[in-house]
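Novice: This is the structure, below, for whatever I ask next.
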Amino acid sequence: MPSASPTPSPFIYWGQSAQNVFIKIALKDVTEQPDVDLSNDHISFEGRGVGAHGDCVYKFSIKPYRHISPEKSRLRVTGSEVLLDIPKRDTTARDESWPRLTKDVAKHAWIRPDFDKMDISDDEEEMQREKKRLEKEYIDKLTSEMAETQDKAIEDIKKNYLFSYSLFHVIAYSFILVKVIIGIFTTEDYNAFEDVGTVLIIAQLFSFLEVVHPILGLVKSSFVSPLIQTCGRNFILLVVIWNEPRIHGSSFVSYLVLFWSLADVIRHPFYMLTSMGLSLNFLTWLRYTMWIPLYPLGTGCEWMVVWLSIPLYESSGKFSLELPNTYNFSISITTYMYMHLLIIPVRIQSAADTAEVIFNFLLQLLQSFSLQ
């Protein structure tokens with residue numbers, strides 16, 4: 001278990017006269033009487049209020065530079081501070097100006113002189129330099145704390161955004177996965193695109209943000225891989241399938257949607273935990289194992305969907321421009337579709353090679369453990 005944070009010390013400002021020491025504790029809204037313990041050579045304080053660390057309990061304990069008279073001291077609590085008026089005790093030192101509040105010479109960042117209540121007996125110029133130094137130190141510390149707070153707020157916004165983005169995909173693809181599984185096993189000639197096409201299109205359009213995330217520095221990865229995957233999926237979904245109703249009822253479309261949604265139902269929960277700095281061993285195993293069969297199965301269905309769509313687009317002439325025409329050039333989407341068929345096996349082979357490397361690594365790891 002992590003250790004509890006130490007109780008913070010409040011900022012205190014001290015001053016003096018020939019006979020008294022004045023301590024101002026910078027705590028606001030102290031609703032309950034603080035616990036103040038004074039003895040000849042000891043000053044301690046504990047109380048709840050609003051200080052530099054927010055609304056919490058603050059305390060400090062110090063040994064004063066000289067002995068004090070606790071029985072004649074006075075305590076006053078206001079809405080913005082706690083005031084201590086403590087007489088000096090040593091008769092030989094009553095008229096002596098204390099060089100510091102504490103007996104030890106170590107400097108404490110939370111103890112500062114209160115120049116308004118300081119009986120200045122040293123060189124005025126030196127005191128003014130000290131005052132300016134402390135003011136600069138305080139401003140620098142405040143600026144640093146504000147920068148840290150701003151950085152933390154930006155980091156929290158980034159984490160919450162990435163978590164929400166992945167949560168949206170988990171919900172969307174879980175809905176798609178359940179609907180497709182039920183449809184495949186309960187409905188003859190099931191049409192997955194008509195059943196879940198709208199939700200799938202929305203989820204895939206949002207997936208373009210995965211290309212933007214690395215560019216903006218939200219995730220530490222290259223934008224190339226999500227760009228290739230997102231463009232490949234959206235070409236097949238938004239161009240090939242959406243614009244040709246005769247391919248909607250193909251079983252390859254249904255299984256393609258099944259493999260896509262199954263992969264993302266595993267992938268995005270992993271991203272959700274990662275965005276919050278968490279991990280789950282079983283989920284990590286699924287993330288880096290299930291893609292080995294799912295990737296070639298999905299790309300195989302993509303290949304079949306494109307192959308079956310080519311004659312349909314050739315007969316309809318959709319997204320094609322034939323000669324003669326005003327522009328004196330021709331273009332056909334089926335040409336790109338044939339090219340896409342050549343690209344898909346390369347993607348499958350690349351995935352297979354990667355899977356083989358991972359499998360060999362895991363096998364060597366298991367063998368090393370068995371030898372031990």
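The chain as shown is numbered from 1 upward.
A Cβ is built for glycine as well, from the same backbone N, Cα and C atoms used for every other residue.
What TrEMBL records for this protein is below:
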type: DOMAIN; residues: 7-102; note: domain 'CS'
type: TRANSMEM; residues: 162-185; note: transmembrane segment
type: TRANSMEM; residues: 197-216; note: transmembrane segment
type: TRANSMEM; residues: 223-241; note: transmembrane segment
type: TRANSMEM; residues: 247-263; note: transmembrane segment
type: TRANSMEM; residues: 294-313; note: transmembrane segment
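Give me the structural setting of these features: burial, nearby parts and distances.
Specialist: Break the domain 'CS' (7-102) down by DSSP state and the numbers are 6 helix, 50 strand, 40 coil.
Non-local neighbours of the transmembrane segment (162-185) in the same chain are 192, 195-196, 199-200, 202-203, 206-207, 209, 213, 218-219, 254-255, 257-258, 260-262, 264-265, 268-269, 271-272, 275-276; each lies 6+ residues outside the stretch with a CB under 8 Å from one of its CB atoms.
Sequence-distant contacts of the transmembrane segment (197-216), counting only residues of its own chain at least 6 positions beyond either end whose CB sits under 8 Å from a CB of the stretch, comprise 162, 165, 168-169, 172-173, 175-176, 222-223, 226-227, 230, 233-234, 237-238, 242, 248, 257, 260-261, 264.
Here the transmembrane segment (247-263) has Cβ contacts under 8 Å with residues 173-174, 176-177, 180-181, 183-184, 189-194, 196-197, 200, 233, 236, 240-241, 290-291, 294-295, 297-298, 301-302, 304-305, 308-309, 312 of the same chain, all six or more residues outside its ends.
Remote same-chain residues near the transmembrane segment (294-313) are listed as 232, 236, 240-241, 244, 246-247, 250, 252-253, 255-256, 259-260, 262-263, 319-320, 333-334, 337-338, 340-341, 344-345, 347-348, 351-352 (criterion: CB distance under 8 Å, separation of at least six residues from the stretch ends).
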